[in-house]
Structure formats: C-alpha cells, structure tokens
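**Q** Sharing a structure, written as structure tokens. Questions coming.
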C-alpha cells in the first residue's frame, strides 16, 4: 500500500514537472515568435504608414487614434492562440495566474496611478523609437553615400555631365551678369530718374540685399522640393522682374524690380553647385566644380561687352512724349536677362538630382535617372551594349508628416496649411546645420565666408571708385583759369569745359547751343547777354550779376545761380530734367566698361590653375594659400597712385582671389550632407552678401581720404580667413555625404 502511494505521488510529481517544463518552453517559444511578428509588423507599419491609415478596418492592423495624431497598433500576439506576450506572462492554458507573478499593464480604468504609469511607459517607448529611427536613418545615409559613389563610378563621366555643365553654367552666368547690371546703368539711369547720391547708393546695394534673401530662401526650399524645381522657380522670378525693370519709369518701381530680380537669382549659386556635385564622382568633383566657376567670369565678360556695345549708342532709344522714355541703357538691361531665360529653357530638359530622390525615399525615380546617365555616357563612348547593372539602391527611411485637412476645407486654407508645413520643414532642416554634429564646422565656415566676402567685394568696388577719384584729380589738374577777362559781341556756339572764370565782364554776348561741363563763373558781370539751348553739368555761377539777360530753353536753373543778382532778366521754356553733378562723357563710359572687362578676364588664369590643382593639393591648401597670397597683394595697393597702376592691381587681386572662391564653393558642398546641403550653402551665401554690403559701405567711405584703412581691413580679413580655413576638415577623396 505504501509502495502504491509512493508510486502515485512520484508519478504525479513527474507529470507536474513535465507540464511545468512544457509551459515554460511553450511560453519562451511564444515570446520569440511574438517578437518576430512584432518586428515584421513594425517594419511594415513604418514603410506603409499611409496605406495603413486607409485600411484601418483591417482586422490584422486595426488601430485607434492616439492623442498626438498617430496610431497605436493592437498587439499581434494578443490574437495569437499559439503564443504568449510579455504582458501575459504567468498565464497557463487554463488561464491560471501564479501568485506573485507579473499580471500585465493595467488599463486606463484600473486607477489613476496605473494610467500615469502607462503614459510614462508610452512616452519612454516613443523616445526609444525615435532614437532608434534616427540611428537607422543615419545608417541608411552612410550606406547610401557609399553605394551612390559606386553607382556614379559605373555611370562614368561623359556626355550627360558635360551637358548638365553647360546648362547649369547658364544659371551661374546669370548670377555674374546680375552683379554688374546696376553699376553699368547708373550713370545713364540717373539722368532719366533724377537720382540723388543716396538713391544711387541704395540702388547699388539693393541687388546684394535681394540676393541675400534669395540665397537663404531658395537654398532651404531646394532641400525640400528639389534642386531642379527650385532653380526653375528662382530663375523665372529673376527673368520676369529683370524684364519689367527695363520698362518701368520711376525710381521706386525700378528699385523694387531689381530687388525682386536679385531675390530670384540669389538661389543660383547654392543650388547650382549642390545640383552638379550630385552627378560627379569623387575623383572628378573638385576639378569640374572649379570649371563650373568659369561661367561666373563669362557672365561678367558678357555684361561688360554688352554695356560697351549698347549703352553709349544713345540713338537706340524712343520716347512717347515726356512721360515715357526708353533709352539705350534699358536695352542693355533687357539683354542682360537673356542668360537667365536660356538657363530656364535648357534646365527644363534635365532631370532632378537622383541623390535628392533617394534621400526622400523615391527609389524608382532615382533609378531611372541614374540609368539615363549611364546609358547616355555609354552610348557617347561607343559602348551602347553595356547594361546598367544596379537593380536596388538604398533609400533613406522617411517620417510621414501628415497634414490634417478635411475635404470641405477652402482652397486657401489648404494652401495655408501646406505652406505652414513646408515652412516648419525648412526651418527644422536649417536648425540641423547648427546641431552638435555640424556646429563647429558651420561657425568656422561662417567666419571664412564672411572674411572672404568682406575683403573681396569691398576691394572690387573700392578699386573702380579709386580709379574715378584719380581721374577726377587728373581732370582737375588740367583746369584752365581766366581772370578779369572782358568779352563783347561774341557768339559762343561750342563746348565749354573744365574752366574757371573770375571777375569777368560779358557785354552783348550770345551763348547758343552750348554744352557746359565743369564750368565755374565767379564774381562776373553779364549784361544784355542771351543764353539759348544750353546743356550743362557740374556748372555754377557764383556771386554773379545778370542785367537784361534772357535764358531760353536752358537747364541753367536758378539753383545753379549761387548768390547771384538778377536785374530785368527772364527765364523762358526751361528744359525739363535733373540737376546732375557730373555727366561722364563717352570716353569715360568706355573706360568703365573696359576696366570691368579686364578685371573679369583677369580671373581666367586663377580659374584654370585652381581647376587643375583642386584634386591634387586639396581644398584647404588651395583656400589658405590663395588667401595668403591675396593678403600679401593688398599691401601693393599703397603704390597705386595712377590709373594704370590701380587697373593692374585690380587684375592681380582678382586673378589670385578667385582660387579661394572656387575652393570655398567645393568645400561647402562636401562638408554638409545631401539632406541639408543647399540649406547650409544658401545660409552661408546669404551671409556672404551681408558681408559684401558691409564691405562696400565701409571701403567706399574712405575713397579720397586714405588708403591705409581699406588695406588694413582687407589684409586682416584675408589673414583671419586663411588661418581659420586650415582648421576645417579636408574633404578631398571622400564620398559625398
């Protein structure tokens, strides 16, 4: 009996132990299966989020809205009869609960404390999910960078890249033209618009302010809506307002059109370099981006040549009464819009950057473009049979940013929400430029861009102003002075220029169809004289007496008569127009265009040298070396005491400093990743234009006063820039981030 009981007890213990082992094994298998199902389901949800929303009635992926607008997916293991979740640990087949074991997360109605614990767990899980997602995105981008470089190697460098080179070169050429337009038309435009000195200064700076705004705005948009589309929009704005500016008559409307035109063209530099770099393999990138800089020089040459050929031809004009005038300088403004129009036409035939598509999860679109690049190059090289071997390209995981809009919402409300969402995306992308990963690089690049722009633009505008000052000094040295001359019954019908007449007496003299340039009459007497059809500039009568004198169809307005006495004298049919302090003659106009032409052409050697050496010596050595040599060349400015010497120094400085600009453009492209490359480039280029405005304002204020201050400012800025440039990381031989 005792043996039977012991046998039954032992058999029961054995069966109970076997059951416990089976339960534990089954539970562990259920956990592993459930985790695998969860992992696959989570991946599916991440990749098909929108489709998941539309199919929210599906039993397998039913969800309920959460407080933050997202969806919580029901636990797939809860409906799985063959497995157990972590929250049901401790449950056996008969739904027994072992004492002291974990019994799951309480529901919302289980008490206040339980609800708060659930929220904390959910927030912690969300934070862990976001961190994990960011890690996956970073890993995806690293893998994409390596694979993309391999694909570009397979595509090769050939016909497609050279076609894109000339297309984007037109856009860069339009930027170069824009810089020179206002400076060339100012001497002529001031006649039509009666511009004062402050107005002329504002017109000269407004282009830089517009380009500053445009660089920041279009650079940020290019990372969100695409390089090609953004560049087309910006060039279209530039073309439209450049066209309008050639026809508007008033100063305010002309100022606004040039501002808007500058905003449009401001996007060309940051987008063009980023766009082109994403079609170039690493061994070609530095060289060909430097060759692309040649088009900025071509734009300056084009503007100088067109100004030389068009503006001095005053016969190329028409007018409708006195209200509307279209002079030759307006023809020049119209012609300067052609590069932008040509760039729009050519760019419409080119594809979007495949790297942009891959960064935004558009695999098929990117693959088609890369195949087009490969096939175009292979056909041009005589290998049409070569097949594009890439079948799958890594794409970056995306977060779907949903905008809640009902179908009944008005169209303007939908646009407002879309624009608001786009603004937040651009702003968040801009903030990543100052994230801990890129903060030091961004601050260093800001300092280098600012110092380069401050010195370069300040000096390039200071040079022409110094040349004009030297011309005026040389002109003043040839002034003829006449004292106590007495002239009677003489008719003057020729040009009077650069003369000073003191204490003269003029009796019954006639001044007919006369041009007076830089004429001054002091303490003189005019009796029974006749002035008819007089055109004057920088001409004044000081402390003179007019007796029985008639002024007919002249521009000798009363404000040209300083402290003068008028006795029985009359003004009839005065000319309409502006009081101009100085009017440059045709020879001076040609001189201005010729100097600009030489200064622009002088950068050609620097462009060639930088293109050939960029990938050999590296970006940093090129940038620092060119800045140091430019700094040394600044000290030669103290020897520029003649017009020819200043022109030579202008060409020297431009030819040396262009290598710094080329290397800085390449370095900016390569230091930032593709998802915020144009944003960073646009911000730095906007800072560049701000520095240009400050440099121009400061340097030109010392014209005719001293050379020491501009020399010290320019050399100090260049020295600081070259020192900081050496602290930046070298990017030669690296894949495009």
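Glycine is no exception: its Cβ is also placed from the backbone N, Cα and C atoms.
Found this in TrEMBL, in case it helps:
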type	residues	note
REGION	49-116	region 'Disordered'
COMPBIAS	74-90	compositional bias 'Basic and acidic residues'
TRANSMEM	162-189	transmembrane segment
DOMAIN	164-732	domain 'Major facilitator superfamily (MFS) profile'
TRANSMEM	201-219	transmembrane segment
TRANSMEM	231-252	transmembrane segment
TRANSMEM	258-277	transmembrane segment
TRANSMEM	289-311	transmembrane segment
TRANSMEM	331-350	transmembrane segment
TRANSMEM	443-463	transmembrane segment
TRANSMEM	590-613	transmembrane segment
TRANSMEM	620-639	transmembrane segment
TRANSMEM	645-667	transmembrane segment
TRANSMEM	679-702	transmembrane segment
TRANSMEM	708-726	transmembrane segment
**Q** Are the transmembrane segment (645-667) and the transmembrane segment (620-639) close enough to be called in contact, which here means at least 3 C-beta pairs under 8 A that are separated by 6 or more residues?
**A** yes
**Q** Select the range from 258-277, 331-350, 590-613, 620-639, 708-726 that forms the most Cβ-Cβ pairs under 8 Å with the transmembrane segment (443-463).
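**A** Ranking 258-277, 331-350, 590-613, 620-639, 708-726 by Cβ pairs under 8 Å to the transmembrane segment (443-463) puts 708-726 first.
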**Q** Same chain, outside the transmembrane segment (289-311) by at least 6, Cβ under 8 Å from its Cβ: which residues?
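**A** Same-chain residues near the transmembrane segment (289-311) but 6 or more away: 165, 168-170, 172-177, 179-181, 184-185, 188, 272-273, 276-277, 280, 328-329, 331-332, 335-336, 339, 589-590, 593-594, 596-597, 599-601, 603-604, 607, 610-611, 614, 658, 661-663, 665-666, 669.
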**Q** When you look at the transmembrane segment (258-277) alongside the transmembrane segment (620-639), do they share 3+ Cβ pairs under 8 Å, ignoring any pair fewer than 6 residues apart in sequence?
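**A** Answer no: the transmembrane segment (620-639) and the transmembrane segment (258-277) share fewer than 3 Cβ pairs below 8 Å.
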**Q** For the transmembrane segment (162-189), which stretch among 201-219, 231-252, 258-277, 331-350 has the most Cβ pairs under 8 A?
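**A** Answer is 331-350, with the largest number of Cβ pairs below 8 Å.
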**Q** Out of 258-277, 331-350, 679-702, 708-726, which stretch has the largest tally of CB pairs under 8 angstroms to the transmembrane segment (201-219)?
**A** 258-277
**Q** Test the contact criterion for the transmembrane segment (679-702) and the transmembrane segment (258-277): 3 or more CB pairs under 8 Å, pairs 6 or more apart in sequence, then answer yes or no.
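**A** Since 3 or more Cβ pairs under 8 Å link them, the transmembrane segment (679-702) and the transmembrane segment (258-277) do come into contact.
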**Q** Where else in the chain does the transmembrane segment (331-350) make close Cβ contacts, counting only residues six or more beyond its ends and a cut-off under 8 Å?
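**A** Apart from its flanks, the transmembrane segment (331-350) reaches 163-164, 166-168, 170-171, 173-174, 177-178, 181, 184-185, 228, 231-232, 235-236, 238-239, 242-243, 245-246, 265, 299, 302-303, 306-307, 310-311, 316-317.
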**Q** Let me spell it out: take the transmembrane segment (231-252), skip the flanking residues so only those 6+ beyond its ends count, and list any with a Cβ under 8 Å from a Cβ in it.
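**A** For the transmembrane segment (231-252), the list is 171, 174, 178, 181, 192-195, 199, 203, 214, 218, 222, 258, 260-268, 271-272, 275, 323-326, 330-331, 333-334, 336-337, 340-341, 343-344, 347-348.
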**Q** Mean pLDDT across the domain 'Major facilitator superfamily (MFS) profile' (164-732), rounded to an integer, is what?
**A** 85
